[in-house]
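Structure record follows, encoded as structure tokens.
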Amino acid sequence: MGVVHTLHFVFGIFGNATALFLFLAPIITFKRVIQNRSTEQFSGLPYVMTLLNCLLSAWYGLPFVSPNNLLVSTINGTGAVIETIYVLIFIAFAPSKEKKKISALLLLVLTVFAAVALVSMLALHGSKRKLFCGIAATIFSIIMYGSPLSIIRLVIKTKSVEFMPFFLSLFVFLCGASWFAFGLLGKDPFVAIPNGFGFGLGTVQLILYAIYCEKKGFTKKSTFNESLTTGNVKSHQEEKQSSNNNKSKLEQV
């Protein structure tokens, strides 16, 4: 029993570390967004869904909801702050249509969290409170892990991983694996099930990255080369036309 408890704690600490890296991984993406003042083809959905997951998981991990899960609460509370910053940056630089969509989703996320928190505190107690909050956290954890599916479809369609950051995929894999083990050792299905799903999805993303990583940015490079070639041809044609005009003038003289 002592070994299991120790492993449970170790995987919780490792889960906190990998989750923090997962939350910080999009910094590279948002640096690009701020520099270009555009969200390009990046999706804001994963960040909004991650925010909701963090809020619900942080609530679930609190001692008066779920004992012995404080490590779940601390990291997800930190994640909620980080994801809020990402969502606000995304809204600031997104096109008008996307801005309205993400703003509406953010309002929905805050409404859902407030409803879950109020119901669990005012109407439920003991094991019923843990069950209700655990189910809510599990559902939206799975939605969070599933939100990059749209990017996965884009990767398969374009055969390019330009809009699927590698470190984000890596830490989805590591975070899912850590918390999956934490949930199994702690016999907590509300932690194990969604993170097992995340572990599997992270594996799929890494496999796709391995397949298509060499084609990253291929489209832009091809366009640049095509433009360069067209420019050279045009320049050569103009030079040839100018030469012919000069020759014609000399003959007239």
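Cβ coordinates are placed from backbone N, Cα and C, and glycine is handled just like the others.
TrEMBL has this to say about the protein:
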REGION    230-253  region 'Disordered'
TRANSMEM  6-30  transmembrane segment
TRANSMEM  42-62  transmembrane segment
TRANSMEM  74-93  transmembrane segment
TRANSMEM  105-125  transmembrane segment
TRANSMEM  131-156  transmembrane segment
TRANSMEM  163-185  transmembrane segment
TRANSMEM  191-212  transmembrane segment
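Contact check: the transmembrane segment (74-93) against the transmembrane segment (131-156) gives fewer than three Cβ pairs closer than 8 Å, residues 6 or more apart, which falls short of the contact criterion.
With respect to Cβ pairs under 8 Å, the transmembrane segment (6-30) is most closely packed against 163-185, considering the stretches 42-62, 131-156, 163-185, 191-212. When Cβ-Cβ distances below 8 Å are used as the criterion, the transmembrane segment (42-62) is approached by residues 23, 26, 29, 33, 69-74, 76-77, 79-80, 83-84, 86-87, 90-91, 94, 98, 101-102, 105-106, 109, 112-113, 116-117, 120, 130, 133-134, 136-137, 140-141, 143-144, 147-148, 150-151, 163, 190 of the same chain, each at least six residues removed from its ends. Residues 69, 72, 137-138, 141-142, 144-146, 148-149, 152, 155-156, 159-161, 164, 166, 169-170, 172-180, 182-184 of the same chain sit 6 or more residues outside the transmembrane segment (191-212) yet have a Cβ under 8 Å from a Cβ within it.
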